[in-house]
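Asker: The structure under discussion is supplied below as structure tokens; questions concerning it will follow.
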């Protein structure tokens, strides 16, 4: 079993080290992670400059680019053999609902999915790593299940783990994505030189945390396991849009 491991918090993040340690005896691991924190980088690729790859003292490879860069470079330039699985994380904070659109952790996994490789993104819901060992144990259990019974279609799974002791986790629930309220306003401040600058505000609170959502599972102390897809087509609107666009199609 060949496993590629990445993240978005950077190659020296505790979450990455914990995930690698938890999976170390499950196969041949290759670690390729960003040089610095790229939280919120989403699926961005670096196209305006070359990328460099260096090796840390612990053997981890790190790239001066985004999480997507890391997986892309690993799959197309660093690894001689295609991995059987790609895992990303463990992220320092939740990736619930709308977070998945911005998450570098999820983006690393989705890049592997684009190459037809099963991928799993892991996140510890609260920041600070208080119960990181518990999250790593839960991540291992899920990876073990994927190894023992691989999902038929290349899977893209988003996993959020409550910040609590392993013994207090209330199992795993298969969920859909919930939804957040819009983000808080930007925070405006002034630099010592008199320039006005803006910080992106905090994420919004849960707007859809009903039963069946990832938010609901986490609030109830369960690990949320959400299957994702990258096809953004709104199939339910195709027929309506065809009728709406008919005059344009005929006379543009």
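Glycine residues also receive a Cβ, built from the backbone N, Cα and C atoms like all the rest.
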Asker: Same divalent metal cation site as 8, 9, 91 according to Swiss-Prot: which of 39, 42, 110?
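Answerer: Candidate in the recorded divalent metal cation site: 39.
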Asker: Could you say whether, by DSSP, residue 91 (divalent metal cation binding site) belongs to a helix, a strand or a coil region?
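Answerer: DSSP call for residue 91 (divalent metal cation binding site): strand.
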Asker: Which has the fewest other Cβ atoms within 10 Å: 8, 9, the binding-site residues listed?
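Answerer: Among the binding-site residues 8, 9, the sparsest Cβ neighbourhood within 10 Å belongs to 9.
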Asker: What residue among the binding-site residues 39, 91 has the most other CB atoms lying within 10 A of its CB?
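Answerer: That would be 91, with the most Cβ atoms nearby.
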